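Asker: Sharing a structure with you now.
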Amino acid sequence: MIVTRFAPSPTGYLHIGGLRTALYNYLYARANNGKFLLRIEDTDLKRNSEEATQAIKEAFAWCKLDHDGEVTYQSKRFDLYKEYVKKLLDEGKAYKCYMSKEELEELRASQEARKERPKYDNRYRDFTGTPPAGIEPVIRIKAPLSGEIVIHDGIKGEVKFKVEDILDDFIIARSDGTPTYNFTVVIDDALMGVTDVIRGDDHLSNTPKQIVLYEALGFKVPKFYHVAMINGEDGKKLSKRHGATDVMEYKKMGYLPEALLNFLVRLGWSHGDDEIFTIEDMLKYFNPNDINKSSSTYNAQKLDWLNSHYIKTLPYERLAHDMLEFGVDFKALVKGELLLNSLRERSKTLIEMANSANAIINAPKSYDEKAWAKFINENSKEILAKFAQILDRDLDAKGYEELTNKFLEQNGLKLKDLAQALRIALTGSSVSPSIFEVLEVVGSNEIKNRIQNLLKEEK
């Protein structure tokens with residue numbers, strides 16, 4: 001059985017790069033009837049944040065990335081890690097190192113002066129004497145002294161590391177007894193039954209150390225897939241300076257989870273020339289072996305395009321529900337479905353839709369200055385006043401279109417002579433959906449009120 005996991009540290013918000021990693025792991029497990037597990041790597045007790053843990057869970061819930069079983073918290077497993085430290089010490093595969101901080105700094109300085117790679121010099125590897133007083137030891141693994149470590153990566157292919165270039169007897173437990181990152185990861189992945197590890201390629205350098213630990217502990221090494229980073233449009237690693245990176249910020253900005261997941265799955269993976277992928281499509285086609293080796297580029301315009309696609313195509317009930325968070329209750333409006341369906345054709349985000357909806361639902365408190373200067377004058381005011389006089393009952397969009405065409409014909413006018421001024425009267429702006437749909441939503445009495453308000457306006 002395929003078992004994957006997502007293992008964030010709750011020291012900050014969930015980055016969209018992290019969500020992409022979670023998505024890839026989720027898809028691979030679900031497509032193969034496997035398990036997708038969530039582990040919170042909260043061993044850094046000083047930097048952990050309960051808010052960050054909650055944000056991770058909220059992001060998963062929003063994107064509907066359900067995980068199997070209970071969440072695993074590393075902070076609740078310290079006794080377990082200590083057992084495995086003791087096991088390695090008892091088997092002679094790890095040892096206590098009593099080097100002081102000053103000695104380590106002196107060693108590093110001398111190695112750097114000789115232009116050597118800074119690394120531990122193994123002085124306590126086979127130590128049998130009396131340990132120095134007053135020093136709490138760290139625990140180090142006995143790493144191989146020579147040879148190669150080979151990773152058969154599902155994305156990058158065969159990756160070889162020379163032991164002399166990258167390894168030393170690295171620390172697995174600090175002097176206060178807390179375990180190190182690589183040690184806890186290996187134990188948890190093994191005990192949780194993880195078969196496939198899909199993660200960012202910033203973890204590639206950790207992998208040789210983890211393989212050393214898998215072998216020392218007698219655990220089976222999982223299959224690794226190291227995914228290249230997401231870059232900003234300037235070619236540099238994606239960060240806050242490129243815009244929002246917090247997953248829940250995208251929700252606040254009016255993006256749909258379907259659009260964000262579709263966007264992220266394509267940042268590093270493709271299936272032919274297809275651009276639109278529902279979760280069902282992803283489950284059908286996704287394979288981690290097809291992930292690109294090279295970095296992908298964040299494209300804000302592509303995300304907007306995808307979001308507008310899902311706004312156009314998702315069911316009315318779903319969009320109406322999501323719009324409640326943006327202060328618009330379409331279901332409470334007499335013509336709510338008509339209004340939403342009209343606005344969805346021209347909205348890139350739910351915030352845009354909310355702003356457009358509020359401009360139609362509520363009488364304008366002010367008018368766009370450029371639109372006013374361009375379209376409002378004594379002539380257009382006279383046309384609006386005449387138009388208001390013929391509004392004696394509510395109609396549907398087709399009825400308002402017929403009424404308007406008759407009015408224009410009788411007065412020797414064209415639609416452009418009325419439409420923009422009428423839009424400004426109704427919404428405060430010269431931009432709106434179909435003017436006839438706006439008329440239907442607003443209704444004749446309110447249309448007359450808004451025209452009167454504009455006519456009273458002094459500019």
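FYI, residue positions are counted from 1 along the chain as it appears here.
The backbone N, Cα and C atoms fix where each Cβ goes, and this holds for glycine too.
Here Swiss-Prot flags Lys240 as ATP binding site. Look at Swiss-Prot and you will find 8-18 tagged as motif ''HIGH' region', backed by sequence analysis. Per Swiss-Prot, motif ''KMSKS' region' is recorded for 237-241, and the stated evidence type is sequence analysis.
How about a rundown of where these features are and what they're close to?
Answerer: Its Cβ placed at the centre, Lys240 (ATP binding site) has 10 other Cβ atoms within 10 Å.
In the predicted model, the motif ''HIGH' region' (8-18) has a mean pLDDT of 90.
Same-chain neighbours of the motif ''KMSKS' region' (237-241): 16-17, 229-231, 298, counting only residues six or more beyond its ends whose CB sits under 8 Å from a CB of the stretch.
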Asker: Given a Cβ distance threshold of under 8 angstroms, which distant residues of the chain, six or more beyond its ends, lie next to the motif ''HIGH' region' (8-18)?
Answerer: 40-42, 44, 47-50, 52-53, 55-56, 59, 200, 229-230, 238, 245-250, 260, 264
